[in-house]
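Accompanying notes for the structure given below.
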């Protein structure tokens, strides 16, 4: 199973789309508070359609709680300033794909944290600022899953939280 983490997400439809991604792929979604919306938001529910019950989602009160939840996992911080292209990584079960806030990405103190394995980017045309958060997460998740030949998680992987 792969872990996708949204650090302080602000826009409910992006998180709703990520919930749908979690329901449709071998992904455990982690949301790191504070969130810019309520988990009961109508916009969040609408974007996630009827997939909320099929997704694995954990909300963490802060970044330290998140780190504690997945000790030892490799953490790839997605940023437009990353040196490593996302498709050059050999993804492993248990890896974490960490994404920042929609407005300003991951702050420097997160990018420089000792838990970060690499700063990763998805290539874009020159002069463009950023891709949509949930689209970028989907691009990264499907690359990892492609590398695993779209294998379904084992029963052991599915119980890892």
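Here the Cβ of each residue, glycine as well, is placed from N, Cα and C on the backbone.
Curation does not apply to TrEMBL; its annotations are automatic.
Binding of S-adenosyl-L-methionine is attributed by TrEMBL to 122, 130, and the same site annotation extends, among 94, 100, to 100. Across the annotated binding residues for S-adenosyl-L-methionine (100, 122, 130), the two most widely spaced Cα atoms sit 14 Å apart. The local packing around residue 100 (S-adenosyl-L-methionine binding site), expressed as other Cβ atoms within 10 Å of its Cβ over all shown chains, amounts to 23. Other residues of the same chain near the S-adenosyl-L-methionine site, with their Cβ within 8 Å of the Cβ centroid of 100, 122, 130, are 78, 79, 80, 99, 105, 121, 131, 133, 136. Here the Cβ of residue 122 (S-adenosyl-L-methionine binding site) has 19 other Cβ atoms within 10 Å, regardless of which shown protein chain they belong to. Secondary structure at residue 130 (S-adenosyl-L-methionine binding site), as computed by DSSP, is coil.
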